Amino acid sequence: MTAIQLIVGLGNPGPEYEQTRHNAGALFVERLASAQRVSLTADKKYFGLTAKFSHQGNDVRLLIPTTYMNRSGQSVAALANFFRIKPEAILVAHDELDLPPGVAKLKRGGGHGGHNGLRDIIAQLGNQNDFHRLRLGIGHPGDAKLVSNFVLGRAPRAEQEKLDASIDFALGVMPDVLAGDFAKAMRELHCQKA
């Protein structure tokens with residue numbers, strides 16, 4: 001079992017994107033930083049906001065890229081390469097169109113599923129896709145032509161409450177994730193639904 005050394009929250013920078021569906025991953029990392037009582041600070045070297053905490057004697061780094069979504073890999077690769085963090089020790093939290101609001105799922109490896117942030121991370125890590133993902137359901141607008149406006153839009157209150165609940169569920173399994181016990185974390189998380 002590989003312990004997680006880097007947790008990345010995907011989103012777009014700037015106040016106009018803060019509360020959008022596409023920033024679900026960044027919201028997760030902000031909440032995790034708060035729970036760990038650490039502050040995210042800008043670090044130009046890694047093109048993002050970073051923080052560090054210790055879990056069972058291991059350093060865990062948090063990262064929210066301040067690049068736009070489609071350049072997230074630049075930030076992830078800069079930090080992972082500097083600290084020699086292998087893809088299997090990385091967890092990327094991101095919005096997931098294929099899951100309804102209120103559902104969060106863990107997954108290891110796989111393709112990008114059309115997600116530009118994941119696409120760039122895979123490319124910047126040398127086409128290695130063996131990192132873990134925390135998929136935070138945001139639902140789908142029903143028509144592929146509506147996806148861009150949908151992900152860049154703000155969720156109605158009921159949807160946002162479900163997303164917040166799924167983030168709470170995910171935070172609850174983080175001790176198992178950080179220890180590398182993904183099987184236990186998946187069993188617990190995949191039974192939850194807001």
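Using the three backbone atoms N, Cα and C, a Cβ is placed for every residue, glycine included.
Sequence annotations record features per position, and here Swiss-Prot assigns active site, proton acceptor to His22 based on sequence analysis. All protein chains shown were included, and the count of other CB atoms within 10 Å of the CB of His22 (active site, proton acceptor) stands at 22.
Feature annotation from Swiss-Prot assigns tRNA binding site to Tyr17, Tyr68, Asn70, Asn116. Tyr68 (tRNA binding site) falls outside any helix or strand according to DSSP and counts as coil. In the structure as shown, the Cβ atom of Tyr68 (tRNA binding site) sits within 10 Å of 16 other Cβ atoms.
Per Swiss-Prot, site 'Discriminates between blocked and unblocked aminoacyl-tRNA' is recorded for Asn12, and the stated evidence type is sequence analysis. Around Asn12 (site 'Discriminates between blocked and unblocked aminoacyl-tRNA'), the C-beta neighbours below 8 angstroms that are at least 6 residues distant in the chain are Thr20, His22, Asn23, Tyr68, Met69, Leu152.
With a cut-off of 8 Å between CB atoms and residues at least 6 apart in sequence, the same chain places Leu10, Arg21, His22, Asn23, Ala24, Gly25, His115, Leu136, Ile138, Val151 near Asp95 (site 'Stabilizes the basic form of H active site to accept a proton'), listed in sequence order. Summarising the annotation, Swiss-Prot assigns site 'Stabilizes the basic form of H active site to accept a proton' to Asp95 and lists sequence analysis as the type of evidence.
Under the DSSP three-state reduction, Asp95 (site 'Stabilizes the basic form of H active site to accept a proton') is assigned to strand. By the criterion of other Cβ atoms within 10 Å of the residue's own Cβ, the least surrounded of the binding-site residues Asn70, Asn116 is Asn70. Within the same chain, residues at least 6 positions away in sequence whose Cβ sits under 8 Å from that of Tyr17 (tRNA binding site) are Gly11, Asn23, Leu152.
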